[in-house]
Amino acid sequence: MTDNLLDVTETILDITLFISFIAISLSLILLLIRMLKGPTNPDRAVALDTIGINLMGVAALLAIYLITPNLNDVILLIAILAFLGTVAIAKYLEKGVIIDRDMD
Amino acid sequence: MLIAVLIPLIFAIIVPYLSKFKQKVHTGIFVFFIPFSIFLYFIRFVGSDFEPVRQTYNWIPSLGINFDFYLDGLSLLFVLLISGIGSLVVLYSVYYLHVSERLGHFYLYLLMFMTAMLGVVLSDNVFVLYTFWELTSISSFLLIGYWHYRERSRYGAQKSMLITVFGGLSMLGGLVLLSNITGTTSIQAMIAQVDVILANDYLPLIMAFILLGAFTKSAQFPFHIWLPDAMEAPTPVSAYLHSATMVKAGIFLIARFSPIFSGYEWFFIVVSIVGIVTLCWASYMAVRQTDLKGILAFSTISQLGMIMAMLGFGTGAAVFAAVFHILNHATFKGSLFMIAGIIDHETGTRDIRKLGGLFTFMPMTGILAIFGTFSMAGIPLPFLNGFYSKEAFFASTLELESTGNAIASFLVEAIPYLAVFGSIFTFVYSMYLFFGVFTGPAKLDKLKTKPHEAPIGMLVSPFILVLGVIVIGLFPNLFNGTFLIHAAEAVNSTVELEKLKFWHGFITPLFMSLAVVGIGIVFYLTRQKWSNIYHVLPGKLSFNKVYDYIIKKLDDVSAKITDSYMTGSLKTYMTIILATILVVTTFFMVVTGGFTISTDNLAEVTFIEIAVVLVITIAAIATIFTNSKLGAILITGVVGYGVATLFVIYRAPDLALTQLVIETVSVALFLLCFYHLPKLRKRTEKASTKLGNAVISIGFGALMTIIAISAHSTDWFEPISNYFIETSYKLGGGHNIVNVILVDMRGLDTLFEITVLGIAALAIVSLIKLRHDKEAK
């Protein structure tokens, strides 16, 4: 009985994973189109940020799929980097520089 | 013997110190004792019971390169010439060179040359021979360029260097081949294996190489052009190097190797033709010269051609005559150069058109010149050594026998006539040299100073040499049995000792000599009338022009070739590099059958992989075609993140972490220097260039793909990764295999990659902070 229940859970998990992968891939490809088309650079920046978030999802799904805890670091890192990257790009778009010079 | 060879070189080291006292004692006086003591050392060996002496001193025994000195008759003849005339030249130079000259340099070069020349004639080891051979070229170069502030000196030095080193290098090729074939580096051992060499297929090549070396060094046609230009050297140098010693190194080489090559029929043909042509051409050209040393230079060339021809004949009589003439030529030509130097020194010019009637002013010099020039002309007088060797030369031309080869039999017929032809011109320029300078009206108004007799010390050396001319002339057999016969035997073992006589009776060589004198007198007296012939031949033809043309063309063409690919454009270099890799790698992969594609052991492709790869591919292609700079940077970021995803898929979390960080930093860096990045412009290249770039880039990508597939398809060895998996915890104490490898098993790589990062950081700081231009201040 327990075995049977496990099997069912596993099947459900597999199906969910599959659907999630397809969805996230579609999302990535659509983001890529936004990335390539633009039309403005802020569009691209937002697209890149969202790609980063999607990658977190990919990594998380893969961690489930591969049954490993080793990718958790990657997920956290992507989160930090996507934030940093987006801030940097945003600042660049806003001010034209990333690091301000001293005011002296 | 090693000490005897090396002592000039050792003494040369202290010469610069001695030259500090040159105001008190002329440096040449110290130097004089060196060649003179060498002369005394070697004169002991002369005697009828002479036996070759061999001595070996190790240098590089493992390569068979040792100082093997072999003193046989031929070496002895040359050694005595080098040291004997060397002493006289040093003595002469004491009076010739003023103390205000750079005497230290002069004697240093001269002593260097002396060692080199002694080494050439005494070496039995071919590579040691070559070493000394090049040392003669170098020291000769230095001596010709002694007055380096003169443009002609530099030109002459460079020319002689290029030509003789060209020959020297080809000789090295011949020597390497010879030592490969025979398995020995000793010349005598090679001579013992003459059958092996004569049977070898490379024989023509070897002979051509070695003959090239000998012909360039001995100024044979058409490589004679460097010798007249070498006359820019100080006269003692011309007398020593360019008449008595260095130019005879080629003669020595031919004589040394003739036991090996004389069995080969082309040796006779090539050496005889070159010798005879040199004899005729140079004596013909000598008549045209107006510079005393120019006449003597061409005269030297023609006499060397005569010796070369006799060595080419290779018969016993010819070889003996050749050896005899080597000695004779050294005596009279050395004295003539010294006389030319005296005239130059006392009148201030060497131009024969400005000279004349000097006999009344310089009677001693004139008397010495009579013997020198008349001996050179080969006038039949019993006290001139030139006559004996010339008659022996004529006799040897008549004794030639045909070997059956068509060219050889034609040569045998033609050589006596050519010999007489060349000798007629020899007679003409000899007479012109003497009578043009010493008789006729004196042209005092053309001279800077009033000519007067040379100091007695300057006359000593030519006097001793002329004494040699007379002694050999009066007693031609004086040295034969004890000395010359050994030299001839070393070249050709069948030489028999003949008594040289002044009067042989009415035989053909005598008529040839008389013809030379008779026609020569007519030619000399009518010189003005036929001198127009020089406008026809050589006219505008000149080997100097060929040389200059080759040198200029070499410069031009190499500049053109270099300019054609060193354009300064990185794009061009990149194209060349990639195209070369593409072509060469493809060629070798195809030739060696390196492209193998097998579909065994391939993993299953999953849906997520396809999706990620698709994203990366689209992004990568998009970077090429995007028009926005910022867009290109961000799209590159997509590629980087895509690769990080691939690392995740292939279960490399450490790589993925690193890749993410690095990619973000890179994008940030691109943005940081965004302002300085070049604008993306519409490329304005030609369609063909674009097509070429496309072909190269696609081809290169395809090649790398195929190589990667082939590398995966050929599985030669078991991977070693199992070892790491097994021992990571056991030996390294860690579960993270990647990190255990990085810091434990292969920690050294990590250390140096840390170093690379450190260097990069320091370099960036220095690039930004350190500016030497004015604006930064």
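Please read every residue number as a count from 1 along the shown chain.
Note that Cβ sites are derived from N, Cα and C of the backbone, with glycine treated the same way.
Heads up, TrEMBL stuff is auto-annotated, nobody curated it.
Positions annotated as transmembrane segment by TrEMBL: B:28-47, B:67-94, B:106-122, B:128-149, B:161-182, B:355-379, B:456-475, B:607-625, B:632-650, B:656-678, B:690-711, B:751-770 (among others). Taken from TrEMBL, the feature domain 'NADH-Ubiquinone oxidoreductase (complex I) chain 5 N-terminal' applies to B:60-107. Feature annotation from TrEMBL assigns domain 'NADH:quinone oxidoreductase/Mrp antiporter transmembrane' to B:123-403. What TrEMBL records for B:615-679 is domain 'MrpA C-terminal/MbhD'. The feature domain 'MrpA C-terminal/MbhE' is assigned by TrEMBL to B:693-769.
Most Cβ pairs within less than 8 Å of the transmembrane segment (B:456-475), among stretches B:28-47, B:67-94, B:106-122, B:632-650, B:751-770, belong to B:67-94. Counting same-chain residues at least six beyond the ends of the transmembrane segment (B:632-650), those with a Cβ under 8 angstroms from any Cβ of the stretch are 606, 608-609, 612-613, 615-616, 619-620, 622-623, 626, 656, 659-660, 662-664, 666-667, 670-671, 674, 680. With helix defined as DSSP H, G or I and strand as E or B, the domain 'MrpA C-terminal/MbhD' (B:615-679) counts 55 helix, 0 strand, 10 coil. Helix, strand and coil counts from DSSP across the domain 'NADH-Ubiquinone oxidoreductase (complex I) chain 5 N-terminal' (B:60-107) read 32 helix, 8 strand, 8 coil.
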